[in-house]
Structure formats: C-alpha cells, structure tokens
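Asker: Straight from TrEMBL, here's the annotation block:
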- 1-15: compositional bias 'Low complexity' (COMPBIAS)
- 63-78: compositional bias 'Acidic residues' (COMPBIAS)
- 92-106: compositional bias 'Polar residues' (COMPBIAS)
- 110-123: compositional bias 'Acidic residues' (COMPBIAS)
- 136-394: domain 'BOP1 N-terminal' (DOMAIN)
- 1-123: region 'Disordered' (REGION)
- 401-442: repeat 'WD' (REPEAT)
- 651-681: repeat 'WD' (REPEAT)
C-alpha cells in the first residue's frame, strides 16, 4: 500500500473515522511523557520519539517493541526507515491523518480524542484494509498489525468431537462466533445478541427507531388566500389543439370504414363449466403438442346415491360374498346403502385414500399420445373367402365307433381307406370297417396302447402297435387276400445273418398261437415306446422312446430286421418324429423346437422355433414344404420352411391343450384336436407359386366328444381319399365327421 505524507501538522482533535478508542495504557500517565517540551510540528523532527509513543498518539495499542526490534522487523519485511514503518502500519482510514506534535499531547488528557467515534468494530489489530481474505488462503497469516508484523492464523487442530464437547460444556457456545479477520473466536454481548434477534424478526436494528411515528404534513389542508404560483395560463389551454383534431378525424374515418368496431355489451349471465367435457385443444395446455389430458373420473351411477333403487341394494348373501372377495376383484369399492335424507349420510371413510390414489394416477400413470390413422376397420380384416366356397370339408358327425372300455389314445386308417385301427387303454387293438362302424377284429395286447400306425404302402398289410416297451407288427388279414399273403411271404423271406450284430432292439418271431391272433413280429426295446411312424415306402419304421438320452429315436428296417440309433447325443426330450414325404429328411420335435435332419448326409438341415412352451404333435404337408405343430399351450403353429425358421402363422382357436394335428393327403385341409372336446378343420391352400403365401382359413368346428378326466380329443386322422376326418376321444369312442 502506498501512503502520501504531508508535512503539515494535523490538529490533535481530529478523530480517526471508523475506529474505537483502545484501553488506556499505564505509559500514558508517566510525568516524563506529559511534561515533555513541544516539538517543532514536522514529521520526523523529533528523533527521541519512539514507535510506541507514536502509537499512543495515533490512538492504537502499544505493540510493546523497541526501536531495535522494529528495525529488525522492518528489514525482514523489506521496509526502510521508521517513517515508512509508520506508513505501512496505518490502515486506509488513517491515510489522511498525520501524527500530532508533542505540544498537543497535553491536550489529550483533558480532551477525549474519541468522543465522537461511531465505530462498531471490536478488534482493529488486522490492518489489511478492504482486501478479500481469500487472498490469504494459501498463506499461514491473515494480515498485518500496526507494526507491519504478520498476524498468523490460529492452529485449528480441534476436530468435531472437541467442538461437540465444547457445545455440551460451554454455556456460551451458542453465542460464540469466529472472526474472519483474526481467526479467533468472539463471544457476542447481550446487546449484539439482541440486535441479531431483532434483525431475524425483521425489525429495525435501532431500538429507539419508531417506524410508526406520525407523518409530518408539509402542506396544510386549509385553503390559502394567495396562490402558490401566479403563473399566467398557457395559450394551448384555451385554443383547440390541431393534433387532437387530426386524431379525431382519423378515428371518425376508421369508424366509417368499419375498421373500428364498437364494444359489445358484456353478457351478464353466469358461466357454467362441464367438468366431464373434453378439454379444449386451444386452452393453455392445448398449446403444447405433447400434452395428454388426464382421463376424467367416471360419472356416479345409481349405486352411489344416498337413496338408491331397491335393485341396487345388496342382499345378505351378496354382502357376505363382497366381503370375502379381494379388493382388486370387487366390482364396486363400496356397498350401496340407503339413508332417509341427505343430512343422515355420514362422512365417506375412504375419501382421503381415494383422493390420494387419484393424485397418484394423475402424476405416476404414464399417458402416451398415439397418432391414429383414419382407417376403416373393415379394411384391416383380411379378405378371406367364404367357407362354402372352400368345400368340400367335413361338416357333421356321421358315425360313432363304440366298443372300447377306456380312453382311445390313437387311431390309424388303412391306405385304401376301408379299415380303421384304434388303440386304447383297455389293452386292446380294434380293427373297424369304416363304412359300417363294425368292429371286425379285436387283438388283446395286455398293456396300454400308446401308438398305432398302419403301413402306408398299399401292397403291405401291416399295423405297428406300441405297447409298453415293445412294438408289435400285426397282420390284420383284412381286405385283399393277395395282399395279406404277400405280406406274410415278405416277412418269411428273411434269412438271419450268420454273425448277428449288436443292435439297440431285439427282433423276435411270434409263436404259432400268436400268429393265429395276427401277430407276426415283436421288437423289444427295454424302454417305454411313445410313438411309431412309418416311412412313405413302408420299409422303415421310426420309434420314439420315452427315456432321456441319445437313444430316444430308433429307426428299424423291416426287410433286413435291422435297428439303428441315428443320433449320438440328445437335444432334449423328444416328443414326436415324422418322415418327410418326398425327401430323405427326418423331423424330430422336442419340447421347444423342431429339428430337420438329412438322413443321407447325416447332418442338421434346419431348426424350426415354434415359440411354444411344449410341443405336443407334429404333421408334415404332403408336398413337404410346410409343417404344423400343436402345443400344450393351445397354439397351432404353421411353418413355411422355404420362408423362414420362424412361424408363418400362429392360430389360437382352441381354448385348451392340443393333442393331435393332421394334414389331408389330397385336399387342402388340416385338422387339430384339443382337450376342449372339439376338432377344428381349417382350409390350408399351398400354392405352387412361391411368391404367394399359403391361405389359412378356419372353416368348421366339430364337436361330439364328451370331456372325461379333463381330456377331450386325443387323436385325429383324415381319410386317405375322402374329405372325412376321424377322431378318438377320452370318452372311449371314435367318431367320423363327413
């Protein structure tokens, strides 16, 4: 800081602004100081005046240092003479003052130099002036005293625990504050605490100030005789204004032209607003494009009335049923009651709860604006042909085949369509004549029949029956005798090899008594058999075993009586298998997917994902490019293998689990049987044009089976030549729909 020193001697009575008088020191009362001769009055003219005496004259405390220590301190700080030290020690408020002479020292005793001091500062040791204290954050001191020596910051080694103990032990802790100028703690006096409390209450700091004192009226209310001013009136006060004349003429012209319309009288009728009306899109919130108005509450009905009609009042049974229901299942959140008058209606108990839930719905439930396209709903429905244009398909029940005593799990139709084979849980296989529903033969097999498959080759008369862990090959001896004889001749022409090889299944010839009953061969597997399926040429037979492992699927060759396991590892529990009708493919359906294997290349070709929880049945289209799968979660999935491995269409027509699906060999029909007791026949046209998607239309729902043990239709099969469908059910019957 730079200070300017004047040579003139200032008066001793000049008080320092903004400073308070310090405590008088004992040195001021020494007779040697008071009786000293008067100096010349110029600064630095008295060489005997020390710095401590000079500090007395300037109204500050004595720092207690002699001239030698001051000189040493000035050398450390880079200052020169004692005159410069006295400049550096002064605050900005002292810049205008000059030290007084010794002649005026005697006047100090009799006349108080600080009588007019109005300073409220408590500590004037720090003389840094009006300087931001942030400048000293990186230094160990906070300023300088009057002698130019550093004022060091106090050591802050007290942690929060010490502060807490001080807070508990010191009764004056609440009135102790920290002085930022010196870093020390200060205790507020009662007057300072009262001042802070008055300021916190919004009052004035001065106690003697009265904010409500009466106002002084500078002008009296009496009429004066003489005017305040006698200025003559302006000329424009009594001459018409040309500017106003021009404005009036413009307004008259605008009214004539119709540019200015007269104000319409306000309608004094009260305005009523419809709370349940749609919000105006031009309202304040309507300016926001994404604003979605909250849905209105439903209008109260008759049940909310305090005197509802009698049919709205619940009976005692309805009241008990309402109390036993869960709160989410109740249609009404309250019970309608009747009161004699509106004054007798009590306060609604759930009022606050319902208002709170309404507020939650308003700000927590998301609302989304969806852009609607003006589309006719009729255009969204695909243009399906009428069912009568898709005939022929089965429409009614024609015959019922009765004879089994337990549920009929499976059925199969002969290649010529004349005979029907069925297997039941009563341990028998029955052979029926299709046209008359007459049971031609009953073959007891001593076990639950899981699957029956008639050989599809027209020159072979064989039926494969899956009973427990054995596959029985029966010759039913029905139809053409030449075909029956050639089948037996084909089976007897086999010559066993000289060195038998190990096989996963054992082929056994039937005994003479069993041959009388129609049995020709037994194939033992050692594990339960779930399904049998013939190849289209009639020489190969695929078997599904109901055990985990890689030997779940076995393929038997009838002419060589050879068995083989085509897979080395398992991909889950196998549900169904089927041969491709035209290509060397084997379709294996597990619980979640359908795998297609190339038998000649011995590799996986495709993996179809039905997106079902559990696949129950499988059927391949006669052309071989489309597959349908039924599942226990009531879905029927259509795959177009040339299109994708994902479903082309998912049909959810049934209400319960699907048990069987089937394609018609000649007509564009497919059917599905379900546990809901119905058979749904659909039209499924597959076009030769690869650019045209298959047409799937449900045409008929056939019902006739009674539900038994929550089971309905267990198997379906089409007639090979006619648009007829056979079904077997848990009620022990087979039905023909034509």
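Cβ coordinates are placed from backbone N, Cα and C, and glycine is handled just like the others.
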Asker: Could you tell me how many residues in the repeat 'WD' (401-442) are helical, how many are strand and how many are coil under DSSP?
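Answerer: Going through the repeat 'WD' (401-442) residue by residue, I get 0 helix, 25 strand, 17 coil.
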Asker: Averaged over the domain 'BOP1 N-terminal' (136-394), what pLDDT does the predicted model reach?
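Answerer: Mean per-residue confidence for the domain 'BOP1 N-terminal' (136-394): 84 out of 100.
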Asker: Within the repeat 'WD' (651-681), how many residues are helix, strand or coil going by DSSP?
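Answerer: Helix, strand, coil within the repeat 'WD' (651-681): 0 helix, 17 strand, 14 coil.
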